[in-house]
Amino acid sequence: MVEGGIAKADKTEFTECWRTTWKTPYIMRLALSAGIGGLLFGYDTGVISGALLFIKEDFDEVDKKTWLQSTIVSMAVAGAIVGAAVGGWINDKFGRRMSILIADVLFLIGAIVMAFAPAPWVIIVGRIFVGFGVGMASMTSPLYISEASPARIRGALVSTNGLLITGGQFFSYLINLAFVHTPGTWRWMLGVAGVPAIVQFVLMLSLPESPRWLYRKDRIAESRAILERIYPADEVEAEMEALKLSVEAEKADEAIIGDSFSAKLKGAFGNPVVRRGLAAGITVQVAQQFVGINTVMYYSPSIVQFAGYASNKTAMALSLITSGLNALGSIVSMMFVDRYGRRKLMIISMFGIIACLIILATVFSQAAIHAPKIDAFESRTFAPNATCSAYAPLAAENAPPSRWNCMKCLRSECGFCASGVQPYAPGACVVLSDDMKATCSSRGRTFFKDGCPSKFGFLAIVFLGLYIVVYAPGMGTVPWIVNSEIYPLRYRGLGGGIAAVSNWVSNLIVSESFLSLTHALGSSGTFLLFAGFSTIGLFFIWLLVPETKGLQFEEVEKLLEVGFKPSLLRRREKKGKEVDAA
């Protein structure tokens, strides 16, 4: 049926999906056309990681001000918060198809503005427009696919949206790598997003509106016509009847609680089942962001440079691994989430995340401790005014290399020109400038400004990849699944919307603060901080989030009516009652 129980994407359903879409390619056309919104979502959140490296080269103020770098990245997230919040109203008022078309226009405007930006503030404006589109696409694309898919394969089709998001991120890294040596590098990287937006806009013009939205607007004949193209003739009447009952029930609920946003919000927080559902739903969404995942996706080339790889091209090539692993993890999740359960996958994922973050903190700490020393003679071999001002007094007195190292040099906002003999040998601490970088390179040396040459760099890449491997199948996809199941039917849209906004707000906080945190605490301290946040998140997931695998919506509602308690607390409570009875 169009409305009802949980749509699961199990092995049988995937087989049925291929069989049905082979017989009725129109269904796949609907799903893939709408799914381009997920691809755009992933592309625009991932492309900035590589583009930022070259934006810093073109604009000195961006290179010198970490808050400006953070703002360029996070303004898309700020726009997404608004896009997701307003998107719900646009979806209900103008329809799913129109919402996707509006999102495409916003994507295109943002891409054009960024591609031709003459100054950093114009890039920020473009990122805000892109954010509006991302926010709308994040909620509209899966909604359209769900409402325009046959029930028996809905789970399989909707689950591809998550795969397209991670696929879009992977595609963005490929594009970044492709334009490394092209004049205008970052302008091409950011502008390419306009191409799939145009493609989706054209495709959606020839596709229909969601049959559910049409029925809700009393355009019943149009709704039937679409269902007749999706379902076999002998199933259309049953679908129409299910649609009728669902819409009538929805209207009856609105008559009781009112259809205004404030009335629905009051009804939700006055309902203990919804409150407990929101506690679980918001917990998993906030935890998803505070494990630090989007700092890895947004800043992975920068993190690779923190690990000691100076080349932009090398950094982007290595960070391509993280996005590829993320996409692979989405496929793994689709295979196992209905076999092992949502709660178990998230808890296992969180344990792995915490372990990887602690190891990464240790690796970066050791890299900082064992960073190459600064040699006074090496620093003086350049022009008199080329030595870093903070190190100049030590260079003048010919201080021994043990006094300063590369990491201290970089924290003084200077650059490190590695020894031409061996990159880990003592080098020079010099002024941070393009001229100095060119001078250093002309002598056959490597210039470092974001990280120091390190023997630990390979370990950092390995555990960064392992972090993605343990994140993607659990905390990467399951929070969205939980939020589609945890709320009563009449509050699912509102509850999911509140949880989605909490996700984007958390995303904004983390992405806006990451570079400032690495500047203040170092990479090691920042990863350790995320490990602490992840530990807190693990505790609240264990405490508040029930297992919803295999449960119908009514069963989830009954579970939340009595309140969820972890098995450990239930056993202790039972033991306490037995002692009292004795």
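Each Cβ is built from the backbone N, Cα and C atoms, and glycine gets one as well.
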Using Swiss-Prot as the reference, determine which range in 221-241, 410-430, 494-514 is annotated transmembrane segment. 494-514
Which stretch from 70-90, 105-125, 162-182, 317-337, 494-514 shares the most C-beta pairs under 8 Å with the transmembrane segment (188-208)? 105-125
Can you tell me which recorded stretch out of 70-90, 105-125, 525-545 has the most Cβ pairs within less than 8 Å of the transmembrane segment (494-514)? 70-90
Does the chain bring the transmembrane segment (105-125) near the transmembrane segment (345-365), so that three or more CB pairs sit under 8 Å (pairs 6 or more apart in sequence)? no
Quick one: do the transmembrane segment (345-365) and the transmembrane segment (525-545) reach 3+ CB pairs under 8 Å, ignoring pairs fewer than 6 apart in sequence? yes
Of the listed stretches 70-90, 128-148, 456-476, 525-545, the one with the highest count of C-beta pairs below 8 angstroms to the transmembrane segment (35-55) is 128-148
